[in-house]
Amino acid sequence: MKQLWTFFFLSFLCSGLFRRTHSEKPKVVKIGSIFSFDSVIGKVAKIAIDEAVKDVNSNPDILSGTKFSVSMQNSNCSGFMGMVEALRFMEKDIVGIIGPQCSVVAHMISHMANELRVPLLSFAVTDPVMSPLQFPYFIRTTQSDLYQMDAIASIVDFYGWKEVIAVFVDDDFGRNGVAALNDKLASRRLRITYKAGLHPDTAVNKNEIMNMLIKIMLLQPRIVVIHVYSELGFAVFKEAKYLGMMGNGYVWIATDWLSTNLDSSSPLPAERLETIQGVLVLRPHTPDSDFKREFFKRWRKMSGASLALNTYGLYAYDSVMLLARGLDKFFKDGGNISFSNHSMLNTLGKSGNLNLEAMTVFDGGEALLKDILGTRMVGLTGQLQFTPDRSRTRPAYDIINVAGTGVRQIGYWSNHSGLSTVLPELLYTKEKPNMSTSPKLKHVIWPGETFTKPRGWVFSNNGKELKIGVPLRVSYKEFVSQIRGTENMFKGFCIDVFTAAVNLLPYAVPVKFIPYGNGKENPSYTHMVEMITTGNFDGVVGDVAIVTNRTKIVDFTQPYAASGLVVVAPFKKLNSGAWAFLRPFNRLMWAVTGCCFLFVGIVVWILEHRTNDEFRGPPKRQCVTILWFSFSTMFFAHRENTVSTLGRLVLIIWLFVVLIINSSYTASLTSILTVQQLSSPIKGIESLRERDDPIGYQVGSFAESYLRNELNISESRLVPLGTPEAYAKALKDGPSKGGVAAIVDERPYVELFLSSNCAYRIVGQEFTKSGWGFAFPRDSPLAIDLSTAILELAENGDLQRIHDKWLMKNACTLENAELESDRLHLKSFWGLFLICGVACLLALFLYFVQIIRQLYKKPTDDAIARDQQQNHDSSSMRSTRLQRFLSLMDEKEESKHESKKRKIDGSMNDTSGSTRSRGFDRERSFNSVNPLD
């Protein structure tokens, strides 16, 4: 920190400058390079930088007439040594630095670069904290760990794991990388359960590594992300192999430190390769190209078989080329190489032995920085271009799997398409690639040489029991109840489901049930669930409804019972009455139907009147025909034939309408007559809200808060009820006697209540949809495993058998309170019989009136003669009249048709008779005139 404050102090000494300027384009441009010569990355970078300088100097299109001169310094990843070497560079008038390699060095010399305006092009610093706002002259030519940690989080999320353990080197590189991992996991609702930091020099301390791994073994997660340096990483894997942590059940994800070693030392020594079997590794992705393949051929000639090329060697090469192209643009824009000194630094240098007067400021540093950032080129690592935040565009990683004597490519990750088995450069050509149909990763050979995906979590074998909260209910004990005489033993439907699910888990889960409640009234389930967040409970088992406010603080298993709020109210039967046959249609329907019958009859009469004799005749007859035809179509019994085309068309359509009306009427009437109708003044939750009647709810249920907060029902209307007996009494008394109009409760409780109380029923629909589940802390893997077990219970029928054991009641089921079939009684039909009887009596009455009129209107001649011959005895007259009445009733009456025909025939006979009479008279007159004849 003292060195940092020194450089901050120097930044204020910016007066009294004098300048050393090269007025012409220099023949040699000096650049520096700082990295660790002995590291895997440094060994490759040294060769790559030398080759890049050679290519720049031999290319006439870059810096024509100017040569690169590079000076390399070994920082050994030491902050102090890095600062010293950087100070030495500042004495040599360099215009740019390739490096540094390590985060600790980058943090130190970036402050110096800011003050002296010398761009730093780092090919290996992945620390995401290196911000361009804080370090404007720091340019990262590699990929940031921000993207690498995003890729790891995507892998963890893809396989459905929830918790990971992070092993990291305890310096800027490790801490900042793990912080980025934590953020990326948190954005996916995942988390780091345990962070194990190791000192960079811990590789030689076997005991410290062993103690750290033993702590990890006692934890539940089995996903380990290791973000360290090479030697430390291999030491961790060696001890993990010894402890059996490289076998079944574990998942190890290594950052790019391992892929760098795999690429540079291919193949790894057998003893090291054996310790990393099944590990997933990330490697910065570089697209394939002819330029890259040609460089690999050159590399084999340069290094032989002693050192293989890794990704960071490619980044080092591209860093030199980027600086060269930036300088080329700088010169073409008229830039000059010039340096300035501070007069104050000269004074300080003369007064001491620090030689500060030799430190110079690069006057063209800001212009060169802009030219570098504005350069676009295609190098060994693909397209080299920067985003506004100084990150490389199109970041991508290879995901490889160590198996056997080598590695397997199982997929890729990019910030454009996420996980995929398709090359990222192909997906970048699509605006929004659809990855739903393609596999995201290939099959992995996991530790233990298995293709089965590890669960990623085990129940910790540390001898501790899970503290499971159980509600101490005072009602509906079929669901959960404490066994009398015990403290931590419970029974009931919920307990049996939980026990059966736990027995299906592939690992043992020791639990201890802890009662919650005072035993006098049902406890608050929301408060009980909140105790999970405070650590009082490790879980809650019981009839706990899955509702929104609870899911925000805990995780629930798959619902093992359907639940939702319903309204229970008293009901009464509505029997079908004498006028039930009128109920299928309302008044308007009856009126419209009758009018339609008349209208169709009139229309058909109009269409048939001129052509059809059956629709002709006197007005009275035609009116009767219209009425008869209209209403006889109701039964398809009309006798009049239609002869016109239009008449037939209208009749066909009308008969189809009549068919539909008859069918609907018959179906509705059948339902009314054969099904009992149940009635309640409350039709559902909406009608209950509109009334001012009191509403009952179960103590401890979430129904109270739902009614108050969601439905805005006044608290004064809510009546707490504790037992089924209290339910029945409150409903029976009703609002007038201090009871309730209805009760709102969850369906399982209601079904159990109605199984023994048939005077009540559910009215309306279930107005919330939820279920019962077991509650555990957020992101608990146990909730996931138990959900799978509950689904298995449902599939094999065990869940239904447990339900039938505790909740199946035979005394009075809910169906008895629903609509049911019954026999038909006379009271349902006496109205029809009455109408029919009245019609019959009325017809008889009119008929007898007509007979009597005929009896007195047209007496026969024989009857008159007999009346004259007999005495006037009253009894004889009554007998005679009765005989005449009976004789008249028995006499056949001419039909109107026959009467009309008879009249016509009589008229014709009269006409012919008069003609014959007139002829006879003429003949007689003729004979009298001619007597001789």
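These residue numbers are counts, starting from 1, taken along the chain as shown.
Just so it is clear, glycine is given a Cβ too, placed from its N, Cα and C backbone atoms.
Owing to the predicted nature of the structure, the values given are computational and were not obtained by experimental measurement.
Sequence annotations record features per position, and here Swiss-Prot assigns L-glutamate binding site to ARG473, ASP543, VAL544, ALA545, ARG550, PHE702, GLU746, ARG747, PRO748, TYR749 based on experimental evidence. Taking Cβ-Cβ distances under 8 Å and a sequence separation of 6 or more, the neighbours of TYR749 (L-cysteine binding site) in its chain are TYR476, GLN698.
Counting only same-chain residues at least 6 apart in sequence, those with a Cβ under 8 Å from the Cβ of PHE702 (L-cysteine binding site) are TYR525, THR526, ALA545, VAL547. Annotation source Swiss-Prot lists L-cysteine binding site at ASP543, VAL544, ALA545, ARG550, PHE702, GLU746, ARG747, PRO748, TYR749.
Look at Swiss-Prot and you will find 908-917 tagged as compositional bias 'Polar residues'.
Feature annotation from Swiss-Prot assigns disulfide bond to CYS758-CYS812. DSSP gives CYS758 (disulfide bond) a coil state; it is part of no helix or strand. For CYS758 (disulfide bond), the number of other Cβ atoms no farther than 10 Å from its own Cβ, over all displayed protein chains, is 15.
The DSSP secondary structure for ASN76 (N-linked glycosylation site) is coil. Positions annotated as N-linked glycosylation site by Swiss-Prot: ASN76 (among others).
Of all Cβ atoms in the protein chains displayed, 15 besides its own lie within 10 Å of the Cβ of ASN336 (N-linked glycosylation site). If you look up Swiss-Prot, you'll see ASN336 (among others) marked as N-linked glycosylation site.
In the three-state DSSP scheme, ASN341 (N-linked glycosylation site) falls into the strand class. Look at Swiss-Prot and you will find ASN341 (among others) tagged as N-linked glycosylation site.
According to Swiss-Prot, the N-linked glycosylation site annotation covers ASN415 (among others), on the basis of sequence analysis. ASN415 (N-linked glycosylation site) is surrounded by 18 other CB atoms, counting those within 10 A of its CB over all protein chains shown.
The N-linked glycosylation site feature in Swiss-Prot is assigned to ASN434 (among others).
Taken from Swiss-Prot, the feature N-linked glycosylation site covers ASN549 (among others), and the record attributes it to sequence analysis. ASN549 (N-linked glycosylation site) carries a helical DSSP state (H, G or I). Close to ASN549 (N-linked glycosylation site) in the fold, though at least 6 residues off in sequence, lie THR526, SER705, each with a CB less than 8 Å from its CB.
Positions annotated as N-linked glycosylation site by Swiss-Prot: ASN712 (among others). Taken residue by residue with DSSP, ASN712 (N-linked glycosylation site) is part of neither helix nor strand, so it is coil. Residues near ASN712 (N-linked glycosylation site) in space but far in sequence (CB under 8 A, at least 6 apart, same chain): none are found.
Positions annotated as region 'Disordered' by Swiss-Prot: 890-933.
The annotation topological domain 'Extracellular' is assigned in Swiss-Prot to 24-587 (among others) on the grounds of sequence analysis.
Restricting the average to the topological domain 'Cytoplasmic' (609-616) gives a pLDDT of 70. Annotation source Swiss-Prot lists topological domain 'Cytoplasmic' at 609-616 (among others), citing sequence analysis.
Per Swiss-Prot, the feature topological domain 'Cytoplasmic' maps to 638-648 (among others); the stated evidence is sequence analysis.
The feature topological domain 'Extracellular' is assigned by Swiss-Prot to 670-828 (among others).
GLU746 (L-glutamate binding site) falls within a strand segment according to DSSP. Cβ crowding, taken as the number of other Cβ atoms within 10 Å, peaks at ARG473 among the binding-site residues ARG473, ARG550, ARG747. A C-beta separation below 8 Å, combined with a sequence spacing of at least six in one chain, links VAL544 (L-glutamate binding site) to PRO471, TYR525, MET528, VAL529, ARG550, PHE556, TRP772, GLY773, PHE774, ALA775. Across the fold, the C-alpha of ASN415 (N-linked glycosylation site) and the C-alpha of ASP543 (L-cysteine binding site) stand 44 Å from each other.
Ranked by CA distance from ASN76 (N-linked glycosylation site), the recorded positions ASN336, ARG473, ASP543, ARG747, CYS758 have ASN336 at the top as the closest. Pairwise Cα distances among ARG473, ASP543, VAL544, ALA545, ARG550, PHE702, GLU746, ARG747, PRO748, TYR749, the recorded L-glutamate-binding residues, top out at 20 Å. Closest to GLU746 (L-glutamate binding site) by Cα-Cα distance, out of the recorded positions ASN336, ASN341, ASP543, CYS758, is ASP543.
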